Amino acid sequence: MHPSTVRREAERVKVSVRVRPLNERENNAPEGTKVTVAAKQAAAVVTVKVLGGSNNSGAAESMGTARRVAQDFQFDHVFWSVETPDACGATPATQADVFRTIGYPLVQHAFDGFNSCLFAYGQTGSGKTYTMMGADVSALSGEGNGVTPRICLEIFARKASVEAQGHSRWIVELGYVEVYNERVSDLLGKRKKGVKGGGEEVYVDVREHPSRGVFLEGQRLVEVGSLDDVVRLIEIGNGVRHTASTKMNDRSSRSHAIIMLLLREERTMTTKSGETIRTAGKSSRMNLVDLAGSERVAQSQVEGQQFKEATHINLSLTTLGRVIDVLADMATKGAKAQYSVAPFRDSKLTFILKDSLGGNSKTFMIATVSPSALNYEETLSTLRYASRARDIVNVAQVNEDPRARRIRELEEQMEDMRQAMAGGDPAYVSELKKKLALLESEAQKRAADLQALEREREHNQVQERLLRATEAEKSELESRAAALQEEMTATRRQADKMQALNLRLKEEQARKERELLKEMAKKDAALSKVRRRKDAEIASEREKLESTVAQLEREQREREVALDALQTHQRKLQEALESSERTAAERDQLLQQLTELQSERTQLSQVVTDRERLTRDLQRIQYEYGETELARDVALCAAQEMEARYHAAVFHLQTLLELATEWEDALRERALAERDEAAAAELDAAASTSQNARESACERLTSLEQQLRESEERAAELASQLEATAAAKSSAEQDRENTRATLEQQLRESEARAAELASQLEATAAAKMSAEQDRENTRATLEQQLRDSEERAAELASQLESTTAAKMSAEQDRESTRATLEQQLRDSEERAAELASQLESTTAAKMSAEQDRESTRATLEQQLRESEERAAELASQLESTTAAKMSAEQDRESTRATLEQQLRDSEERAAELASQLEATAAAKSSAEQDRENTRAALEQQLRDSEERAAELASQ
């Protein structure tokens with residue numbers, strides 16, 4: 001008897017279609033409630049109705065013909081899940097119906113040893129995740145659970161039933177990955193704890209093996225024993241899977257998710273001695289794929305990161321469509337097909353599904369569509385792809401080791417023989433027992449050999465892993481040593497850079513200090529010059545003011561003397577009028593003189609008014625002088641504040657430089673002391689901090705320079721104000737000179753008038769005799785006029801007294817103003833002395849800062865020497881590490897030699913086992929031939945016995 005060949009089955013991809021109910025968005029849209037899809041579940045036919053009207057005028061022109069012609073699509077199964085019955089009146093399909101039709105056969109194929117695959121394809125929001133997972137993705141249990149949890153539940157029920165028979169046990173492992181933006185991420189991979197959002201992604205690589213096929217390198221597979229374990233792992237994966245809300249779907253999958261179930265059978269056999277032999281049996285892989293839905297950007301209205309995700313999703317689905325077209329074309333046309341190789345490697349999704357499409361797998365596809373007219377084009381496109389996928393033919397084979405398959409066949413033969421032995425002829429039963437014993441011994445021997453080979457293979461795999469680990473450790477040590485050397489070089493280079501930068505900063509600081517001191521010296525000199533010039537101008541103005549006041553007083557005294565002379569002359573006239581009689585001509589002349597005296601008195605009143613105006617002008621000049629002094633004080637205060645800010649900035653810069661120096665020293669020591677990546681990160685962070693401190697110092701220096709410029713602008717503004725004040729003062733002086741000239745002109749005119757009056761008085765004395773006749777007539781009138789003149793003179797006297805009092809008040813104000821100015825001058829001198837003392841203290845502080853800087857430089861040099869000593873220690877440690885590495889390499893070489901010797905021994909043992917197996921096979925063939933001959937002889941004897949028995953019976 002020869003071993004049977006591997007069991008292979010060729011069949012098409014099973015394609016099903018599920019039509020979901022209308023959702024809320026479609027019910028609220030004007031055309032959303034219009035159903036364009038009809039289905040016959042019994043006949044597995046889907047009909048896309050004619051879409052009439054012009055409401056969809058914005059659709060693509062390429063769909064125009066499809067809109068005007070109804071199309072029928074034939075599939076393997078159709079699930080009508082709309083609330084109303086289908087075209088034949090059948091009730092809507094439930095989740096349980098989908099599982100009975102699709103999920104149950106998948107479980108049967110898995111336990112038969114066939115690879116299988118189920119993937120959901122369709123537009124976004126068409127119900128793929130609901131069909132695969134269920135109504136609530138976070139709770140995969142209950143009546144609404146999808147195909148995936150139902151398949152897992154059936155697997156565990158079948159597993160318990162098989163293991164109850166006691167011949168084998170099944171091991172189930174689960175993996176969960178997603179394809180996001182053309183990168184494969186392990187959703188069950190170990191992530192860092194305590195990181196928001198699950199931590200970083202755990203990416204795996206897609207590889208292809210000649211015998212294993214496509215697999216994921218580095219994927220984490222977790223053994224599961226119940227549905228609760230599966231639900232827990234899937235919920236963990238869903239927690240880190242990429243989903244988002246779009247216009248089409250509140251929870252849209254932004255990646256393709258694949259749940260991988262691996263089933264491995266472990267068969268057991270008990271020998272006559274009671275030893276239990278365990279061998280590998282069948283194995284299978286089941287891929288449950290939840291594809292991300294295709295979406296139109298105009299409908300889903302995604303942007304930013306979601307737009308990028310939609311681009312990758314549509315690209316991978318387009319590649320899947322191309323693969324389906326190529327495989328379908330190859331299956332239908334054979335050698336005449338346009339392409340001979342499908343573009344699996346154009347996308348990670350199609351590369352993973354390579355065995356499921358046209359390979360070693362029994363594949364089921366479920367296409368989900370929407371019945372609404374809003375999704376007419378997407379529904380029609382999905383149905384076309386699904387119909388095209390039905391043409392793909394897969395050739396699936398049972399995944400079982402040939403030796404294990406032979407053992408299983410022997411066990412099946414032994415079971416058949418045990419059943420044949422029940423109630424049979426004793427001789428035949430005895431013969432069968434002998435054959436059964438031979439078969440059992442052969443099966444046990446094969447099982448033992450297979451177990452030994454498996455153990456040997458496992459041992460070799462362990463040795464290979466150890467060898468690879470040793471090589472990896474060596475390369476890791478070498479790379480670590482190189483990285484350490486590079487790190488030390490970079491650290492030393494960084495320390496040199498930091499030292500050079502520190503020197504540059506110190507030089508820059510010294511230069512800035514010198515420039516600021518020069519600028520301050522210039523500003524002080526300019527302010528001193530301006531102060532001296534203003535003091536000289538104020539002194540000259542004070543002298544001019546005093547001379548003007550003295551001149552005005554002198555003029556006032558002269559006017560008082562002239563007024564006294566006029567009064568004396570008036571008294572003389574009155575006496576002349578009283579003592580003699582005047583003529584009418586004298587009277588007229590006297591009246592004329594009296595009129596002239598009155599006009600002269602008016603002129604004197606005008607002179608008094610002018611004097612009062614001059615007094616007010618003097619007061620205004622004094623007020624402007626006070627304002628000028630106040631502005632000068634403000635300028636001095638601003639200069640003092642600017643100087644104080646400068647000193648504070650210098651102190652702040654020195655503090656920052658000291659801190660930067662301390663940071664750099666600490667960083668240099670830490671960089672030389674530590675050799676791992678964390679220290680390098682701290683060095684970068686500290687360097688960044690130092691750089692920020694330097695930038696802050698530069699910004700502070702810039703702000704100080706800006707303040708200095710503002711102070712200069714303020715000083716210039718004050719200088720312009722002082723110039724304007726000087727111009728106003730010059731204008732006032734000019735007005736005063738003009739007034740003085742006018743008063744002098746009026747005084748000369750008064751003197752000329754007095755001379756004229758004197759001449760007139762002489763003429764009057766000459767004419768007195770002729771006027772005595774009219775004196776008596778005019779005496780009464782003159783007496784009345786005299787009384788008026790006396791009253792007017794009294795008024796003039798009172799006005800003169802008030803003018804004298806005003807003059808005294810002006811003198812007092814002048815004295816007080818002079819005292820105030822002298823006090824301000826003394827305060828300015830005291831302030832200048834204070835500024836000089838502050839400048840001396842600043843110079844002393846600068847000398848102290850220079851001494852501190854020198855001490856800091858000495859400390860830095862000492863720390864640099866210590867750092868160099870530390871570098872020497874590190875170099876010695878590196879040499880010891882190199883020596884240890886050489887020792888480890890020698891140990892590794894000896895280990896490698898030992899492993900190679902063990903490997904050669906294993907190969908020799910394998911050769912011996914192979915020769916023994918060949919001898920066993922030859923002996924087995926001879927035994928089988930003898931057994932066949934014996935069987936033929938026994939059968940001949942049995943026939944002879946039966947004939948003999950028949951003859952005896954007939955007799």
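Backbone N, Cα and C define each Cβ position, glycine as well.
Per Swiss-Prot, domain 'Kinesin motor' is recorded for 12-392. According to Swiss-Prot, the feature ATP binding site maps to Gly122, Gln123, Thr124, Gly125, Ser126, Gly127, Lys128, Thr129, an assignment based on sequence analysis. Positions annotated as region 'Disordered' by Swiss-Prot: 682-712, 725-955. Residues annotated as repeat '1' in Swiss-Prot: 704-742. What Swiss-Prot lists as region '7 X 39 AA approximate tandem repeats' is 704-955. The feature repeat '2' is assigned by Swiss-Prot to 743-781. The feature repeat '3' is assigned by Swiss-Prot to 782-820. Here Swiss-Prot flags 785-794, 824-833, 863-872, 902-911, 941-955 as compositional bias 'Basic and acidic residues'. Residues or ranges marked as repeat '4' in Swiss-Prot: 821-859. The repeat '5' annotation in Swiss-Prot covers 860-898. Per Swiss-Prot, repeat '6' is recorded for 899-937. The repeat '7' annotation in Swiss-Prot covers 938-955.
In this structure, the binding-site residues under consideration are Gly122, Gly125, Gly127, and the one with the smallest number of other Cβ atoms within 10 Å of its Cβ is Gly127. For Thr124 (ATP binding site), the count of additional Cβ atoms within 10 Å of its Cβ stands at 25 [all protein chains shown]. Its own atom aside, the Cβ of Ser126 (ATP binding site) has 27 Cβ atoms within 10 angstroms in the protein chains shown. DSSP gives Ser126 (ATP binding site) a coil state; it is part of no helix or strand. Of all Cβ atoms in the shown protein chains, 27 besides its own fall within 10 Å of the Cβ of Lys128 (ATP binding site). Confidence across the repeat '2' (743-781), taken as the mean pLDDT and rounded to a whole number, stands at 63.
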